[in-house]
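Q: Just passing along the structure, written as structure tokens.
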Amino acid sequence: MRNRWLSENRTQVSILFVLFVLLLLFIISSPKTFLSGDIYAAFMSTIPFSMIMALSLTLVVICGEMDLSFPSIMGFCGYVFTQVFHATRSVALALLVCVIVGLVAGYLNGLLVVKLRLPSLVVTIGTQFFWAGLTQVLCQGLGKTLVPTKESPLYYLLVGRVLGKIPVQMFWAVVVAFFLWLVLNRHRFGAHIYYTGDNEASARVMGVNVDRVKIIVFTQMGGFAAFAGVLASLEVLYFWPTLGQGYLLKTIAAVFLGGTPVEGGVGTIFGTFIGAIIIGILEAGIIAMGLSGFWTQLVYGLIIVISIAIHSVLRRRVA
């Protein structure tokens, strides 16, 4: 029974092992830093943004597609949130409008992929530049303060601190993870996502509305990117036009590292959750060791390439 469980969950067990080994290495190399609670509080204040998007992106990749536009949607929706808030002084209304805009942006991605039969990689590269350019044009390259949002109780429900130390956004990341886990593992729609990614033609024969599945996964990606944009802006109490830049590689790396192959049809929310934590620990460890932040880009690139290579080798062996 135990051997069977290990065989069925070897990916999750492997990534947990990587997490513990990595953490142990950093504790040995920088004990003062990694045995202090401060670094974990700082870690939990920043990692949820990429984690939420990585969890959402997992559904897209399992479906056999890819979305590269989420950083720009994140930035554009951050702009929308800021403008609506300054016009209404309502964090709730600004959040609602922002998420709706994100959902619409994601829906447009899905519509272009499904109706025009274009590769999602090409479509989302195009929409990435579109939303980034639109943001720069509308805000004219200028940022805007969000300090007045602290007057709203909703601010503390989104990015406040529990017991004065634990960032609330980490709880939101856990909520998103649990919700998407339920979708993938306890709902028929989750099975449809797996069927579509594994074999689209077979899924259609089984009666799965493949086009609808793809549109929905792209739509939710836009919505969660918008939500992450709000959290990131509120955390620093400022909107900047380049919001979203720097999240692309770390988000994709978390998905691939978590055991979701680029071919689709396989993947878990748990794996991505742990993958995002590993990425955050790597980032913190690189900085703690006194290395330049540019090293993180190198690490993300290596993780993506190595993860894809490992998944390809394993898939060929199974075949």
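Keep in mind that glycine also has a Cβ here, set from the backbone N, Cα and C atoms.
Summarising the annotation, TrEMBL assigns transmembrane segment to 12-28, 40-61, 68-85, 91-114, 121-143, 163-184, 213-232, 238-257, 269-288, 294-314.
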Q: Would you kindly check 12-28, 91-114, 213-232, 238-257, 269-288 and say which stretch has the most C-beta pairs under 8 angstroms to the transmembrane segment (294-314)?
A: 238-257
Q: Tell me if the transmembrane segment (163-184) touches the transmembrane segment (238-257). I count contact as 3 or more CB pairs below 8 A, with pairs 6 or more residues apart.
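A: When sequence-distant Cβ pairs are counted, the transmembrane segment (163-184) does not touch the transmembrane segment (238-257), since fewer than 3 lie under 8 Å.
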Q: Sequence gap of 6 or more, Cβ distance under 8 Å, 3 or more pairs: do the transmembrane segment (121-143) and the transmembrane segment (91-114) meet that?
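A: Contact between the transmembrane segment (91-114) and the transmembrane segment (121-143): present, because at least 3 Cβ pairs are under 8 Å.
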Q: State the residues, same chain only, that lie 6 or more residues beyond the ends of the transmembrane segment (163-184) and have a CB under 8 A from a CB inside it; answer 'none' if no residue qualifies.
A: 37, 41, 44-45, 47-49, 51-52, 55-56, 58-59, 62, 156-157, 190, 193-194, 224, 227, 231, 235, 268-270, 273
Q: Below 8 angstroms Cβ to Cβ, which residues of this chain, lying six or more residues outside the transmembrane segment (269-288), approach it?
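A: Same-chain residues near the transmembrane segment (269-288) but 6 or more away: 11-12, 15-16, 18-19, 22-23, 25-26, 29-30, 33-34, 39, 42-43, 46-47, 50-51, 54-55, 57-58, 177, 180-181, 184-185, 250, 253-260, 295-296, 299-300, 303.
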